[in-house]
Every structure is written in structure tokens, then in C-alpha cells.
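Residues or ranges marked as domain 'UDP-N-acetylglucosamine 2-epimerase' by TrEMBL: 47-385. Here TrEMBL flags 529 as active site. Residues annotated as Zn(2+) binding site in TrEMBL: 581, 591, 593, 598.
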């Protein structure tokens with residue numbers, strides 16, 4: 001017993017005397033600003049810790065300032081320098097850089113044999129470090145895990161967290177995220193950001209104006225300059241370069257002294273530098289473009305700036321400690337916790353939008369925020385390192401929540417919510433494509449001018465559809481098929497447009513189904529726009545649950561569709577429901593179909609516009625209270641309606657005639673198919689609803705006089721109808 005006790009005492013004494021061998025690996029200027037305070041803390045405790053420093057990544061590249069020199073200037077001995085960056089600044093180069101680091105790191109880690117490796121953040125270099133250490137059974141302390149941003153950095157950060165054994169996070173929310181990721185809460189330290197220890201202690205310097213003038217020139221004043229730092233977004237390189245270009249354009253127009261820092265080494269950075277040089281930023285008198293600023297001086301520049309702009313994490317983290325106004329551009333920091341000093345411009349798609357954000361933010365001061373730290377992170381991390389028990393099992397364990405059996409099932413409403421259709425609307429002016437969900441929500445819509453030729457139109461349709469199918473994946477929408485709505489006479493069985501309206505040229509005897517189906521490998525349905533409007537009402541509008549109803553479109557032309565016994569009526573030659581061409585007069589005005597006295601010749605938008613122009617030419621349209629029509633670009637049906645509303649008897653007579661023609665035509669429909677409901681759709685529907693209901697009450701048979709006329713609530717009947725063809729056919733199942 002005595003010998004056993006003596007042996008235990010000697011082991012405990014040996015353990016107490018042994019120093020913890022800590023390796024800090026730094027990859028770039030940004031992570032060194034977070035790691036340096038910890039390195040100083042370790043170095044200040046030589047009796048307890050032994051520090052090893054490994055430098056890799058962009059620290060060793062001249063284009064990024066050879067920033068390893070600042071580590072040497074801080075009097076740290078660099079144990080290993082690893083050249084791990086494969087030049088190219090594209091996605092492939094990033095992958096190759098990770099691979100090169102994984103090839104070189106094992107020798108270094110085997111030689112150093114650290115007890116703990118400290119890794120920071122979410123860079124691809126850090127992922128290589130964590131992977132190598134985990135596979136070599138080296139304990140990992142991960143800094144700033146559990147945070148959320150809007151790029152591939154999220155995935156890398158969370159992957160490192162899963163490899164790490166210990167976590168030092170910055171915010172309470174990040175701590176909760178790590179716990180939700182099944183990390184052991186006893187191995188999570190809520191420390192705060194280590195860089196805050198330095199910046200909160202050092203930002204009140206007497207020589208700050210000397211630093212500002214050194215970087216920006218002698219004439220610059222406090223709070224009268226901008227710091228710009230924008231990095232590429234590796235998951236959306238093209239858009240991030242566009243935002244960078246717009247930012248530079250806005251800064252040039254804003255005409256303030258600006259310090260522009262070069263972007264990091266991620267894929268797309270080379271293109272960003274090209275944009276900067278193309279715009280002459282390095283020669284511009286208002287700009288100073290630099291590759292690197294020492295962190296202590298960078299603190300002063302951010303603290304006293306009139307604004308900071310870009311997508312750097314410094315803007316949403318460190319700048320908040322000073323109350324510096326920040327304009328955060330794009331999606332790179334989406335999800336990060338921010339103070340009130342940050343103005344987000346996530347959809348930074350125009351120069352004016354960015355310029356306006358600069359106008360709103362420049363020169364303001366905000367309350368200082370300490371979301372990311374209180375200046376005491378390093379002492380907490382030192383105690384955390386001291387508490388690490390090297391005798392504990394190396395294999396980390398996860399704290400999974402209990403799983404209940406019913407959690408693994410799915411609800412049918414959730415499944416149906418994600419099932420979607422691709423809808424195409426071929427109008428006389430515009431070509432539109434939309435992703436439409438099962439419940440009739442337009443998830444995303446695309447619009448382009450409708451080309452005049454067949455070849456150009458087909459090419460544009462396929463291009464827009466391909467873009468929508470690509471976006472659908474990211475929107476969690478499963479495309480079941482394609483529905484096409486077009487003007488004219490359509491054979492829906494063959495997917496062929498037989499005869500088009502005069503508004504769409506080169507669009508007769510066209511097989512529209514085959515090219516779309518071949519290109520997208522999806523089933524395709526095609527129908528007339530009037531029929532599609534009826535189908536939209538049947539699935540999503542007033543016609544839902546109604547067995548027999550008629551939909552009438554009142555727009556540029558007059559069209560519609562008939563639902564009889566829950567089925568759409570096409571007719572033997574596919575010209576049923578050509579409601580606009582029902583004749584209501586034997587000697588009426590000429591119609592575009594070549595006949596006379598059609599409803600469309602009286603009540604369509606084109607017919608009203610024609611009458612408005614006639615009255616205007618005769619100087620009979622304008623009345624007191626109207627806008628001066630001489631200044632208008634063209635006279636439209638709306639001018640006629642406004643004139644009638646203001647008491648113009650001539651305009652009122654035209655509208656009464658149009659309403660009577662439409663009403664008589666609808667009475668004829670009621671007497672032929674006897675629907676239980678009439679739905680008016682289109683831009684003129686609200687103007688016709690009451691007069692048409694009155695005509696029905698006066699002229700219809702007694703049994704039809706009570707049939708109700710409603711105006712549609714659907715904003716996009718053509719797109720919704722095209723989508724309903726897909727959704728109804730592809731989801732006919734019994735649950």
C-alpha cells in the first residue's frame with residue numbers, strides 16, 4: 001500500500017512538472033490577429049507552456065505582403081515555414097493547396113509532437129491542419145467555432161469543429177450552436193474573441209493621426225475617410241466580382257479618401273485585383289491600395305474611419321467595438337451576429353444602392369458593441385489549456401439528443417410543399433418563366449423581352465428554363481415538369497401551337513413540347529393562355545371546388561376557358577372557349593380575326609385604346625382633372641377609363657358600349673353552357689365586373705340571372721395555370 005501511494009504521488013508530481021506543448025499554426029494575416037494574443041499569453045507562462053509556431057498559407061507569399069515577417073517582428077521563433085499555396089486563385093488551386101498542406105504537415109507534426117494544436121476559424125488551410133492533427137491523434141483546440149456566415153466558410157468551420165477536441169468560442173449563440181452540433185459542453189469555453197483583448201486595450205492611442213496620415217496622406221481628417229476590404233465568395237465568384245466592381249465605382253463617385261486592402265487568396269481574388277487595376281485604383285488620387293497593414297495600425301484606421309465597406313468579418317466583428325459605421329456587401333457574412341453599426345446590402349446589384357448606403361452611413365458614430373468579447377479572452381483560454389487532462393481518452397465523444405421514433409417520419413404537406421413546376425408564359429411583349437410550388441407560390445420569376453424570331457425565341461426559352469432548373473436545386477424545389485401558356489390555338493395533346501395571335505410572330509405550326517422536353521428531360525404540357533387562366537382558377541382561385549365555371553380574360557385581347565364537370569373544354573379542333581370572338585353585332589367594328597362585331601372588337605384593351613385615340617385626335621377626350629395628354633407618350637385604355645370617371649360623356653359612352661358587348665357575350669355563354677360562376681381576369685376585370693353583372697340581371701333568362709360574376713384574385717393566372725397542368729397530372733396519387 002505504501003509503495004502504491006508513493007508511485008501515485010510521483011506520477012502526480014511528474015504531471016505537475018511537465019509543460020504543455022502547444023503548437024499554434026497560423027495561415028494568414030487575419031487569423032494571426034486572433035492567434036497572436038494567445039501566443040503572447042503562452043510565451044508569458046514559460047513554466048507551464050512550451051510554444052511552437054508553424055507558419056503556412058498566404059503568410060509566405062509576396063503578393064500578400066510576406067506577412068510572416070510581422071510574426072518575427074513580434075519576437076516569435078517560427079519552428080516551421082510550409083509553402084502550401086498552389087497559385088491560381090481558383091477553386092482547383094484551393095483544393096490543391098489543401099492537398100499540398102496535407103502532404104507536408106505530417107513530417108512537421110511528427111517532429112514537433114505537440115500536446116495541443118490551436119487552429120483558428122474557417123479557412124481551407126485550417127481544414128488541412130485539423131485533418132492532419134486529428135489523423136495523427138493530436139488534440140485540437142478550435143477558435144471561433146459555432147459561428148454562422150453565408151459561404152463555404154460555414155461548411156469548413158463546422159467540419160473543423162467536428163474534428164476538434166476543445167472549443168473556445170466568442171458568443172453565447174456560437175456556444176449554443178456547438179452544443180446543438182452534439183459537441184460536449186464540458187469542452188466548450190465561452191471566451192470571447194482574443195483580438196478584442198488587444199483592440200480594446202490599444203485603440204486609444206495618442207499617435208493615431210500619425211498612423212492615419214502615414215497610410216492615407218497628410219490632408220486626411222479623422223472620420224473623413226473609408227476603409228474598404230472585400231473578399232471573393234468562393235460559392236458565387238462571378239457575382240462577388242461584380243459586387244466588387246460596383247463597390248469601387250460607388251467609392252470613386254463618393255469622392256472620399258479611401259484605403260483599399262487587397263483581397264485574400266481565395267478563388268476569385270486574382271480577378272478582383274484585375275478589376276481594381278483596370279479601374280486605376282492604385283493611381284487614383286483618392287485611393288491608397290495596400291496588401292497588408294499591421295494589426296495594431298489597422299485597429300487605429302478602422303476605429304477612426306468615417307465608414308468601413310466590404311464583406312470582411314472585421315466589419316461585423318472588430319469594427320463594432322469602436323462604433324464605426326459599416327456597410328456589409330453581399331452574402332459572405334450572412335448569419336453573423338452584428339451590432340447596430342452594420343448596414344447590410346445583401347443584394348448589392350447596383351452602384352446606386354451601394355452609393356446610397358455610403359450616404360446613410362458615412363460619418364455616423366454608433367454605441368460600442370462587445371458582442372464578440374470583453375477584453376479577457378486570453379486569460380480564460382490560458383486557464384482552459386491548463387485544465388486539459390492529457391490522460392483523458394483521446395477519442396472524442398458526441399452528445400446526441402434522444403431520438404423519438406416519430407421524428408423519422410415525414411409529413412405529406414412538407415413533401416408537397418417542395419414539389420414544384422416550371423411555368424412558361426409566352427406573351428406578345430414578354431417571355432416569362434417561373435418556379436411555382438404545389439400551393440401556388442411563385443418561388444422565383446424570370447422575365448425577358450419576347451424575341452421576334454422563332455430561333456431566338458426557342459433559344460431564350462431553353463436558356464431561361466436551364467437557369468430556373470439550376471436555381472431550383474438551391475431553392476429546395478423539385479421540378480416535376482414544364483407547363484407552357486401561349487396565345488393562339490393550341491393542340492395540347494401533341495404540344496403544338498397551331499395558329500398564333502398576330503402579337504407573336506413566327507409562332508404557328510410550332511412543336512414547342514419536343515425541344516423543351518429534350519433539353520430538360522422533363523415532361524411538358526402546353527395550352528392556350530385562356531385555358532391556363534381557367535386552370536389557375538380551378539386549382540388556386542375562385543374556381544377551386546366549383547364543378548362548372550367560365551373564366552374570361554379582359555386584357556389586350558379577350559380570351560378565356562370553360563370548366564365543365566371539372567374538366568377543361570377544348571373542342572374537336574381546339575378552338576372551344578374562343579370567347580373573345582363571340583359575335584354580339586352583325587355590323588360592329590372590325591376584329592383582328594377578320595370578322596366584325598366580336599366582343600374583342602368592343603371590350604378588349606386594344607379596342608378601348610383605339611377609341612381613346614380617336615377621341616383624343618378629335619380633342620374630345622380631355623376633361624378637367626386629367627393629366628395633360630400632350631405630354632403622355634401614348635393614349636391608352638386607362639386614359640379613357642379615367643376620362644369617363646371624371647365625367648367625360650363621350651368616354652363614358654364608349655365604356656358602356658364595351659360593357660354591354662361583354663355582358664351580352666357572357667349572357668350567350670350562360671345560355672349555352674350554364675356555368676354556376678363567371679370569373680373575370682385581367683387588367684380590365686374590375687372595371688367590367690359591376691356593369692356585366694347588371695347586364696346579366698337585365699338580359700339573361702330568369703334561371704341564369706343569379707349567376708355571380710367575380711374578379712380574379714390571382715396576380716399571375718397564365719403562369720399559375722401553366723404550373724397547374726404539371727402539378728395536377730404529376731401528383732395524381734391516393735394518400
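From the backbone N, Cα and C atoms, a Cβ is placed for every residue, glycine too.
Note on residue 591 (Zn(2+) binding site): other Cβ atoms within 10 Å of its Cβ, all shown chains, come to 22. Counting in whole angstrom, residue 529 (active site) lies 17 from residue 593 (Zn(2+) binding site) by their C-alpha atoms. Apart from 581, 591, 593, 598, the residues listed for Zn(2+), the same chain places the Cβ atoms of 580, 583, 592, 594, 595, 599, 600, 601 within 8 Å of the centroid of those Cβ atoms.
Cβ crowding, taken as the number of other Cβ atoms within 10 Å, peaks at 598 among the recorded positions 529, 581, 593, 598.
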